[in-house]
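Copied from TrEMBL, the annotated features are:
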| type | residues | note |
| --- | --- | --- |
| TRANSMEM | B:27-48 | transmembrane segment |
| DOMAIN | B:86-266 | domain 'ABC transmembrane type-1' |
| TRANSMEM | B:93-112 | transmembrane segment |
| TRANSMEM | B:124-146 | transmembrane segment |
| TRANSMEM | B:245-268 | transmembrane segment |
Amino acid sequence: MISITNASCVFRHASGREVRALDRISSTIGDGEFVCLLGRSGHGKSTLLRSLAGLNTLTAGEIAVDGRPVKGPGIDRGMVFQEDTVFPWMTVQANVEFGLLAQGIPAAERQGVAREWLDKVGLGRFGDSWPKELSGGMRKRVAIATAFAGGAPILLMDEPFGPLDYVTRRDLQNLLIDLWRSTGRTIIFVTHDIEEALVLAERALVLRAGRIVDDIRVDLTRPRDEEERASPRGIAISKTILGHLELEQHTPGAA
Amino acid sequence: MTDIDATRDAMPVADKATAPARPSPEIWWTLGGIALFFIVWTLGHLVIGRYLPPPWQVIAAAVTHFFDSRYFVGLGLPPGGYWPHLVSTTYTALLGCAVGAVIGTLTGLGSAHSNVIHQITRPIVAILGTVPILVAAPFFLIWFGVSENSKIILVAFYSAVVLHLYALRAVEHLHPSFAESASTLGAGPWMIFHRVSLPGSVPELFGGLRAALGAAWGLAAITELLGTDRGIGRVIITTWGVQDIASMMGGLLLLALIAVIADALLMLARRAATRWMPEGAL
Ligand SMILES: Nc1ncnc2c1ncn2[C@@H]1O[C@H](COP(=O)(O)OP(=O)(O)OP(=O)(O)O)[C@@H](O)[C@H]1O
Ligand SMILES: [Mg+2]
């Protein structure tokens, strides 16, 4: 279980201006949940996710995983970035093995686990390829396989499908749902796309000006196809989220 | 389960990989450039006269005195023609460059990784990097003696500064999310260093290596001009004493030939080491 207690993060910009990216956030996220973090640009989604990953230090408050405070990155929390972080100088197979290598797992076992995950993301025959030989969508699959293969029970994803086209995005969303259901891992997924949240999430946390302004149970049945999303409940959730995202009086940082 | 989709995605790549290699016209341009060089040289000879011997005289000198030359011995050079000197200069350049490259790469990558190392090395590199290396050469001979060592140290010194700067820049160009991604996968500082920063810097390090090696030949030869018992510089300064410009230039030509071969081998090594890079990315 993840517990976030009064988490605050203030950035001081070079201009001397202070930006309160996170403002006394408190929440808990249970094991196996699929949570989407929603919010407009600049309202603290990445800051919260990076704080969970241990890549960003809070200025006040605490984040704890199973009671242990987060002090830095750890193998209990994997991450998929928006940027292409697949190492171009390693083969696809070596990329997926990276986390296992870091954990000192012997070569034979590493190879087996990595192959398994490559199969699961549909890249079973691409282990020996260089990342440059793959499309952007395929490289995202590699990043997902790498994060899952590392074994972390909590996976953090920061707009991972942002730069992809609509169809590829839908494919990857379905893949992610399948992997989440078959592994039971906790997934915290940042997006600014309401539709993506409706397709993926069990729960939507809406951030605004560094605060959690809503915590919505996305209790739609799966699969979350067009019809399901257009059901009265689906529309109600969309409207609620949209209400939070819509034009407002004050914006903390950049718009 | 989604393998079919992935195969479809991969199609353009497969097409590209099987595309036949067209014979390139580039080699003809290269040969043309070499021909042009010799033509200009010959024209220069026609204008300047005997102080700029024509290519054939220089090549003749390089060939006749290559392995054995009584003439060289008569001038006070050790027996064996150009050959032992060529070996000596090549040894100096390659060893000096290699030692310097390793030191510079380690300090460069180190200071990209650790602010402490960066703060320590920054003023040192700033001072050493601005010392005109040729002006420093005589001091190296004074400090380390007229020997192979001082030549090697001079070349290593220069290569280290060059590689340090290239390595530092290489890591700056590497997107920080690579290292962050590695750390979320459980990699410690050492693993990030040798599995992320180092391989990610390889393309730029080869750039630095090329610059350092290119300069190494000249630096080695120049220290030899200042005084040494062996090396192409020694041959040049000795034959200068008897106004034998063809033999002087013969030494220069042989050194240039070695430098070109070394550069070509370095580029081959770079190709092999950077097969992972997208085409046209450097
Ligand atoms: N490293 C940093 N240094 C200074 N300010 C920062 C830093 N990171 C984030 N901020 C500030 O914190 C605020 C929240 O940024 P954050 O990146 O968390 O937004 P976001 O919700 O992820 O936006 P987007 O959807 O555009 O990615 C912004 O105002 C930003 O300027
Ligand atoms: Mg963001």
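Going from the start of the chain as shown, residues are counted 1 onward.
From the backbone N, Cα and C atoms, a Cβ is placed for every residue, glycine too.
Just so you know, TrEMBL annotations never went through curation; they're auto-generated.
Beyond its flanks by at least six residues, the transmembrane segment (B:245-268) meets 50-53, 57-62, 65-66, 82, 85-86, 89-90, 93-94, 206, 209-210, 213-214, 217, 221, 232, 235-236, 239 of its own chain at Cβ-Cβ distances under 8 Å. Within the chain, the transmembrane segment (B:124-146) has long-range Cβ neighbours (under 8 A, six or more residues past its boundaries) at 107, 153-154, 157-158, 161, 164-165, 219, 222-223, 226-229. Outside the transmembrane segment (B:93-112), and at least 6 residues removed from its termini, the chain residues within Cβ reach (under 8 Å) are 118, 120-122, 125, 151-168, 170-172, 193, 197-198, 201, 205, 208-209, 212-213, 216-217, 219-220, 262.
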